[in-house]
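Heads up: the structure comes next, in C-alpha cells.
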Amino acid sequence: MAVLKLTDQPPLVQAIFSGDPEEIRMLIHKTEDVNTLDSEKRTPLHVAAFLGDAEIIELLILSGARVNAKDNMWLTPLHRAVASRSEEAVQVLIKHSADVNARDKNWQTPLHVAAANKAVKCAEVIIPLLSSVNVSDRGGRTALHHAALNGHVEMVNLLLAKGANINAFDKKDRRALHWAAYMGHLDVVALLINHGAEVTCKDKKGYTPLHAAASNGQINVVKHLLNLGVEIDEINVYGNTALHIACYNGQDAVVNELIDYGANVNQPNNNGFTPLHFAAASTHGALCLELLVNNGADVNIQSKDGKSPLHMTAVHGRFTRSQTLIQNGGEIDCVDKDGNTPLHVAARYGHELLINTLITSGADTAKCGIHSMFPLHLAALNAHSDCCRKLLSSGFEIDTPDKFGRTCLHAAAAGGNVECIKLLQSSGADFHKKDKCGRTPLHYAAANCHFHCIETLVTTGANVNETDDWGRTALHYAAASDMDRNKTILGNAHDNSEELERARELKEKEATLCLEFLLQNDANPSIRDKEGYNSIHYAAAYGHRQCLELLLERTNSGFEESDSGATKSPLHLAAYNGHHQALEVLLQSLVDLDIRDEKGRTALDLAAFKGHTECVEALINQGASIFVKDNVTKRTPLHASVINGHTLCLRLLLEIADNPEAVDVKDAKGQTPLMLAVAYGHIDAVSLLLEKEANVDTVDILGCTALHRGIMTGHEECVQMLLEQEVSILCKDSRGRTPLHYAAARGHATWLSELLQMALSEEDCCFKDNQGYTPLHWACYNGNENCIEVLLEQKCFRKFIGNPFTPLHCAIINDHGNCASLLLGAIDSSIVSCRDDKGRTPLHAAAFADHVECLQLLLRHSAPVNAVDNSGKTALMMAAENGQAGAVDILVNSAQADLTVKDKDLNTPLHLACSKGHEKCALLILDKIQDESLINEKNNALQTPLHVAARNGLKVVVEELLAKGACVLAVDENASRSNGPRSTPGTAVQKEE
C-alpha cells in the first residue's frame, strides 16, 4: 500500500484531516466530489471513518457519499471505523445502512476487524445486527480466531458470550486455542479452556496446542497445558512430539520444561528421527542438544535411513555439537543405510572444522561408504580442497578405487577443483588409473569441461588420446559435454532467463577452451569410438557450435571422410537433436546434404520427423532434397514431418517443392502425407495439405483412401474436413470395403448417417464387400447398436442381402442380444429361419457359442428348433458336440428339441455329446430319454452311445446308460470286421473299470 502525501490530496481530503466541518461544507457547496477516489480507490468517507470523526461522516453521507464504497482491498468505511475503534463512527455508519456483512478481499467482515483490533465497543454495536458471529474469512478463521491470535481477552469473552463456536476450525483445522497457544496468550488460553475448548484438538497435520506453543517457545502456555495433564508425547502426522518441534526450532526453555515433565527423549518420528536428531541439525539447537544428552538421550540411535545424531551434525556442520555427542559416547564411524559415516557426510558438504573434530576423535579416513567411496572421494568430488587436505594422511592408499573403479583423482577431476587435483598428485595419485569403463581422470575432467583440471593433468603427463572401453578419448567427452544438463543445473540457481543464457554461454566457452587445449596438445580429432563416431560427431550431437568450428578448422581430413564407419553423419546428429547453429556450421562445408544413414534417411528427414523447424529451414535453404526416400519405409521428409504433426516443418517443405505432385508423394505402403496426417489425427497438417490441394481420393497399396484411414482411427475433425472436400465415399479398398463398412464396424453412427445420405444420392451404390458383407453385417458383428439403428432407417437395409451369414447370424455369434432384438423388431421374426451357406440358422450359431440369452431370444421369436444344417445337425446337436451345457439345457428342457434326429452319420445328439467327452451335456440329454431303442440307436459305424461313452471314459454316463437298458452285447463296425474276439461295450466297460 502506497504512502501518499497529504498535500497532494484533494482539498476535501485535507479538510477532513484538519477536522474542520465548516470548510468541508464550503467545499461541498462548491461541488467538490464527495466520492472522489485516490490511487488506492479510497473515498473521503474512508478518510473520515479512519479518523473516527462521526460529525464529518454524517456530513459526508448527507452530502451523497457512498456509505458502502470499497477501496482496492474491498475495505468499506465501516471496516476503517472499526479498525480505528471508533464506536461513534460505527454507529453513524450503521445508522446510514452500512453493510455489517461486507467482506474485504480476504473475506473479512467488520467483526473480524473488530476482533483483531480489540474494538470491543464496536463489536457490541455490530453483533446484534449479525445472523452469526461464526462467519469465516478466506482462511476459514472466525472472529474468535482473530481475537485469540491477538490476545484480546475482553473480545474473546464477548464473542463467547454472543455464541461464538469455541471449537470452530480454519482451513487448516486450527482452532482459536492453537493460535492463542502459538502466540503465548496465556490468559486467552486459560479462558478458552475454561469455556470448554478441546485441549487435545489437532489440526490437519496433527499439531496440538502443545505443539504450537512449543514451536514458538511459549513456556508459560506449555507449563499451563502440562499442568492440565495433556499427553506430553502426542504425535502429529509426521510422528513428531512437542519435544521434536521445540528442538527443531531451538526452544531450549521449552525443551527443559518438557524433559522435566517426563517427555520421552528417545521418541522416534515416522522417519526414525528422535528429538536429538533435530537438535543436532537445528540452527539454534545447541542448548537443546546439551539438555537432551544430559537427560539420557541415546546419542547413537539411528533413523530409518541409518543416520545417527552425529550424521545430522555432519550434514549441517555443527562441529561443537559433534564434540558433545562424541564426548557422550557417540559412535564416530557409525554407518547409515548407504554405508556413509559422519566423516563421509562432512566431506560431502565441505565442513572442514567438523572433519577436523572427527579425525581428532579417531574417525577412520579409509572407511568405505556409498559405492565403496572414501570420505576423500566425496570431498574431491564436491571440490572441497581444504577438506581433502585434512583427509589425506600418511599410509593412506590414495589410488584405492571405489565400486566402479574410480580413484579419488577421478572424483577430483569430475568435481573441477584444480587444487584438489594438485593436492592428490603431490600425494602420489596415479593419473593413469582407469575405472571399470576404462576412463582416466582426464576423461572425467573433459566430460565436465573443467579446463584447469585438464590443463593440470595434461601438463603432468596424462595421455590425451587414451581411449576408454567404448573407444572414446578425452576429446570425445569434451566435445559432448552436455549443455542441456548444465542448463538444468544452472536453472535451479538462476531464475532470470538472461542470466541463465549467459551462464550457458560461459559454459560453452569453457568447453571450447578445453577442446582447444586438447587439440594443442596433440589430441587426435579423427579417432573414432567403437561405433565409428569421432569428436565432430559428438560436438554435432550435443550442439556445440564453437567446438564444431574449432574441430572442422583443425581437422585436415575432409568432412565427408569423417562419416565413414559411423551409422549417422554429424549432419544427421545435429538435425535429429535440433541443433540448428551446429547444423549451420556443418552446412558451410562442401558436403552432400542428402547423405543417408544406415536406414537411408537424410538429415532433412530426421529434422522434419523431430519437428526442428530451424534445422529444416537451414537444410532446405542450402538445397537439401525433399524427395529422397529412405530404404525401409520409403518415406520422404514430407511423410516424416506429418507423422508427428509438425505442421510448421510441413509448410516449409511444401513451400520449397517445385513439383505440384509433391503433396501426394507415396511411401512403400502407398501412403501419402495426407493419409498419415489423417491416420494420426493431426488436424493442422490435414488442413495445410488440403489447402495445398492434396488428392483426397488417392489409394494406398491396400486400396484405402484417407477417408478409410480417418474413419478407422476415429479422428472426427479430420474426417469432417475430408467430407467437405467431396471425397469419394464409395471407394472400395482391396477387400471391397467402403468407408461405410468401416464406420459401421467402428461404431461411428454420426459419420455413418452422413455417409449414407451422400451414398444413397448416388445411382450406383453397392454396399457389399468382396465377401458379400454389408455395413449392417459389420455393425451387428461388432455390436454397434447406434449404427444398426441408423442403417435400419434405410429401406434397403431392412432386407438381408449379400453373404448368407446374415447380420442376425453376426449379432448372435458374438452375443449381441440387443442388436439381434433391433433386427427382429425392424424386420420381422421370419429372419430367425434364415440360413447361411452351410445351412445353419441363427439358432445354430447361438447353440454353437452357448449364448443362452440370444438362444432364448430366438426361441421367443419361434426359431425352428429342429432345423438341420447341411450335415444334418440340429442346434441341439451343435451344442452337444461342442459341450455347451447351457444351450443343451434350454433346448432339451424348454424348447423340447427332438432327441431322435440323426445327422448324416446317423449320430443322435447323445452320440455327439459322448463322442467329444461332454459328460454334462450327455447326462442332460439322457435325463429326457425314456425310449430304450433310442438308447441303443446305432450310427454308421454301428456304435451305440454306450460304445462311444465307454471309449471316452465317461463312467457316470455309462452307468446311466446301463441303468436305462443299454445293450452291452452290441457289436460295432470295427469289431465285426476283425478276426479276433468280438469287441462289445461290455468289454470296453470292463477295461475302464
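Please read every residue number as a count from 1 along the shown chain.
Cβ from N, Cα, C; glycine included.
As annotated by Swiss-Prot, repeat 'ANK 1' applies to 7-36. Taken together, the residues of the repeat 'ANK 1' (7-36) have an average pLDDT of 81.
Sequence annotations record features per position, and here Swiss-Prot assigns repeat 'ANK 2' to 40-69. Residue counts for the repeat 'ANK 2' (40-69) by DSSP state, with H, G and I taken as helix and E and B as strand, are 17 helix, 0 strand, 13 coil.
Per Swiss-Prot, the feature repeat 'ANK 4' maps to 106-135.
As annotated by Swiss-Prot, repeat 'ANK 7' applies to 205-234. The list of residues near the repeat 'ANK 7' (205-234) in space but at least 6 beyond its ends in sequence, with Cβ under 8 angstroms from a Cβ of it, reads 172, 174-175, 177-186, 189-190, 193, 199, 240-243, 245-246, 248-249, 251, 253-254, 257-258, 261-264, 267.
Long-range Cβ contacts of the repeat 'ANK 10' (305-334) within its own chain (Cβ-Cβ under 8 Å, at least 6 residues beyond either end) map to 271-274, 276-281, 285-286, 289-290, 293, 299, 340-343, 345-346, 349, 351, 353-354, 356-358, 361-364, 367. As annotated by Swiss-Prot, repeat 'ANK 10' applies to 305-334.
The repeat 'ANK 13' annotation in Swiss-Prot covers 404-433.
Per Swiss-Prot, repeat 'ANK 15' is recorded for 470-498.
Among the features that Swiss-Prot reports, repeat 'ANK 17' is placed at 566-595. Note: the repeat 'ANK 17' (566-595) comprises 15 helix, 0 strand, 15 coil (DSSP; helix = H, G, I, strand = E, B).
Residues 633, 638-639, 641-647, 650-651, 654, 660, 663, 704-707, 709-710, 712-713, 715, 717-719, 721-722, 725-728, 731 of the same chain lie 6+ residues outside the repeat 'ANK 20' (669-698) yet bring a C-beta within less than 8 angstroms of a C-beta in it. Annotation comment: Swiss-Prot describes 669-698 as repeat 'ANK 20'.
Across the range of the repeat 'ANK 21' (702-731), the DSSP-based residue counts are 16 helix, 0 strand, 14 coil. Annotated repeat 'ANK 21' per Swiss-Prot: 702-731, in sequence order.
Residues 768, 771-774, 776-785, 788-789, 792, 840-843, 845-846, 848-849, 851, 853-854, 857-858, 861-864 of the same chain, all 6+ positions outside the repeat 'ANK 24' (803-832), place their C-beta atoms under 8 angstroms from a C-beta of that stretch. Annotated repeat 'ANK 24' per Swiss-Prot: 803-832, in sequence order.
Per Swiss-Prot, repeat 'ANK 28' is recorded for 941-970.
Tertiary proximity for the repeat 'ANK 13' (404-433) is limited to same-chain residues at least six positions away from its ends with a CB under 8 Å from its CB atoms, namely 371, 373-374, 376-385, 388-389, 392, 398, 439-442, 444-445, 447-448, 450, 452-453, 455-457, 460-463. Long-range contacts of the repeat 'ANK 1' (7-36) within the same chain: residues 43-45, 47-48, 51, 53, 55-56, 59-60, 63-66, 69, each at least 6 residues beyond the stretch ends and with a Cβ under 8 Å from a Cβ of the stretch.
Listed by sequence, the residues of this chain that lie at least six past the ends of the repeat 'ANK 17' (566-595) yet keep a Cβ under 8 A from its Cβ atoms are 528, 531-534, 536-537, 539-545, 548-549, 552, 559-560, 601-604, 606-607, 609-610, 612, 614-615, 617-619, 622-625, 628. Counted with DSSP, the repeat 'ANK 24' (803-832) comes out as 21 helix, 0 strand, 9 coil.
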